[in-house]
């Protein structure tokens with residue numbers, strides 16, 4: 001047995017010991033505790049499609065709400081970023097990118113910038129102020145990854161986080177276009193990221209079947225969550241800041257408690273035959289919205305029950321996001337459409 005193989009076997013054994021110890025100290029489950037709280041009323045048929053946003057020519061891959069809950073940026077395989085006014089359903093702006101495979105996008109907290117990442121390993125930051133049909137300010141290019149850009153999020157107007165197919169994440173100084181910190185610990189493509197605590201920590205999901213918590217100040221991974229048997233396609237932060245959700249190719253969503261350092265709930269049905277492509281928590285944290293091939297499901301976070309399912313797209317629902325004010329859900333699909341629900 002080689003030294004490397006022996007070390008891998010030792011690691012697997014240690015992980016098993018840790019899990020056994022956690023289970024030994026576990027005095028209950030979230031579903032059990034939920035029996036002591038008021039039962040949530042199912043929304044019934046209250047979820048309806050309110051807006052139909054048509055403008056992309058190819059598959060929609062990502063979307064992100066602005067902080068004011070009025071605008072959405074979307075990215076698609078047509079190489080366009082579209083800025084939408086959700087109230088009027090109008091396309092306010094189109095930003096043509098250099099690559100047709102635009103995988104990810106993000107709105108800055110101030111609403112002054114949007115960003116996108118694509119298959120050419122570059123993240124682009126686009127100023128919105130002063131942009132007209134005749135004039136397009138030059139985008140800042142963040143170069144340094146050696147794999148495709150799978151996700152991006154603004155820490156502020158000055159800093160950006162990206163995750164990549166090169167198994168790393170990076171914190172960038174936007175003005176200079178340089179990497180401030182590189183985060184390494186995943187063993188596969190990093191597929192998604194979300195900021196947990198502003199300026200301090202963030203969470204990632206990866207093809208190595210794990211979700212990880214990172215400290216932006218030290219560049220270190222502080223927690224690793226196992227439990228999925230497939231790629232972790234999406235991660236989302238519970239509004240309390242005390243838990244994270246994950247969505248996987250294994251057709252399940254999971255809830256991990258940061259204080260208990262372990263899984264506390266899982267959301268799945270035997271009837272589900274699709275991978276989970278994206279997730280988002282409601283503003284209250286009581287609902288987890290998950291995107292599948294056949295539509296979206298709303299899960300009661302506490303009881304692990306599916307309380308609603310809504311459909312309307314003609315193809316895979318690739319992305320979902322809930323408005324910061326909690327009043328609307330937006331879905332994006334391979335049918336080229338975005339839809340707003342409430």
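Just so you know, glycine gets a Cβ as well, placed from its N, Cα and C.
Pulled from TrEMBL:
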- 53-94: repeat 'WD' (REPEAT)
- 142-182: repeat 'WD' (REPEAT)
- 183-224: repeat 'WD' (REPEAT)
- 225-266: repeat 'WD' (REPEAT)
- 310-342: repeat 'WD' (REPEAT)
Counts of helix, strand and coil residues, the repeat 'WD' (183-224), according to DSSP | 0 helix, 25 strand, 17 coil
In the repeat 'WD' (310-342), how many residues does DSSP call helix, how many strand, and how many coil?
-> 0 helix, 17 strand, 16 coil
For the repeat 'WD' (53-94), DSSP counts of helix, strand and coil?
-> 0 helix, 25 strand, 17 coil
Using a Cβ-Cβ cut-off of under 8 Å, list the residues of the same chain that are 6+ residues beyond the ends of the repeat 'WD' (142-182) and lie near it.
-> 101, 103-110, 112-113, 115-125, 188-195, 198-199, 202, 204, 206, 214, 216, 219
Would you mind giving the whole-number mean pLDDT across the repeat 'WD' (225-266)?
-> 97
